[in-house]
Amino acid sequence: MTVTDLTSESRSSWTSRITNGPAGYGGIVADEQWAAAVRRLADLRNATILAHNYQLPAIQDVADHVGDSLALSRIAAEAPEDTIVFCGVHFMAETAKILSPQKTVLIPDQRAGCSLADSITAEDLRAWKAEYPDAVVVSYVNTTAAVKALTDVCCTSANAVEVVASIPADREVLFCPDQFLGAHVRRVTGRTNLHVWAGECHVHAGINGDELAAQAKAHPDAELFVHPECGCATSALYLAGEGAVPDDRVKILSTGGMLEAARQTSARQVLVATEIGMLHQLRRAAPGVDFQAVNDRASCGYMKMITPAALLRCLTDGADEVHVDPDVAAAARRSVQRMIEIGQPGGGE
Ligand code: SF4
């Protein structure tokens, strides 16, 4: 059976049920039949399915690999399949395309954006650079390909401190787009010539210090895993500094770092400050630990646009394909590769 055969079979049995609205594609229940169809279509397309940690549990469970943005892009580059289906938001699929220009990269719904990546455009960055012509530009991987192409070195939340520390102390640094990660880097490096762009992710910014303090008080024996993009990263360190939470109970971690820490923790309960999709992988990694969200409303609507219906449509129609201009991709690739040369990149968000 060819993809075309299966496509027509699927069109009659599946795609007639798919609906399309502003919140994404719907109308399909993620049951065993759906999972089998997804796997069959992926095989026929010679595609590998990658899912970000913040995806819906059903999408994570049907994927070939689950992880954070950069780790998945590196898996995409090494995968033997010539088609990559990236279940995540658009800048992540772009990064996979940047690192694998010869492959077909598909995203199940190209409307899945990111408020953090959207908080700085290439035009914004060009104007900022003109104000500080000698500065080194460090961009978090949550940026568009066009912004990465204007960047000297990319960074992830796991290596942002290391990347900034590798820049000569007398060079000014422009750090974008996340203000909370930037504040974390400035605090750790003690660097006063680090200029931070005032961008933020609406989901992470919504996890605030008051909630964290209340949760820490209500669960005095729990450890705290905090993503540095969270508005509460500063509060978590402050709480530790004030003795409200013992220092060793607060861990500022990338999503990849959270999974490693989950496997090693001796705590019975862990409070998690990041997007709630992360809880699914943490619970799988350490089933004996009680993982609870600091804010259980911290759900990224963009990530959740990758629905069971969207994935099925993507595999059936070969859409939406991600394109990056080859010159932009080459310049963006250089900034990602410089980061990889500096040190262990971890996985980003
Ligand atoms: S959680 Fe925030 S940073 Fe992550 S994809 Fe959603 S909007 Fe972007």
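Using the three backbone atoms N, Cα and C, a Cβ is placed for every residue, glycine included.
On a predicted model such as this, the values are computed, not experimentally measured, just so you know.
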Same-site [4Fe-4S] cluster binder from C300, C314, given that TrEMBL records C114, C201: C300
Residue in S119, S157, S166 which TrEMBL records at the iminosuccinate site where H52, S69, Y140, V141, N142, H227, P228, E229, T255 also bind: S157
C300 ([4Fe-4S] cluster binding site), number of other Cβ atoms within 10 Å: 24
Neighbouring C-beta atoms (10 Å sphere around the C-beta of H52 (iminosuccinate binding site)): 29
Annotated binding-site residues H52, Y140, N142, C201, H227, filtered by Cβ under 6 Å to ligand 1: N142, C201
Neighbour tally for Y140 (iminosuccinate binding site), based on other Cβ positions within 10 Å of its Cβ: 30
C114 ([4Fe-4S] cluster binding site) as reference: those binding-site residues from H52, Y140, N142 with C-alpha within 10 Å of it: N142
Integer Å distance between the CA atoms belonging to C201 ([4Fe-4S] cluster binding site) and E229 (iminosuccinate binding site): 8
10 Å Cα neighbourhood of C201 ([4Fe-4S] cluster binding site): matching binding-site residues from H52, Y140, H227: none
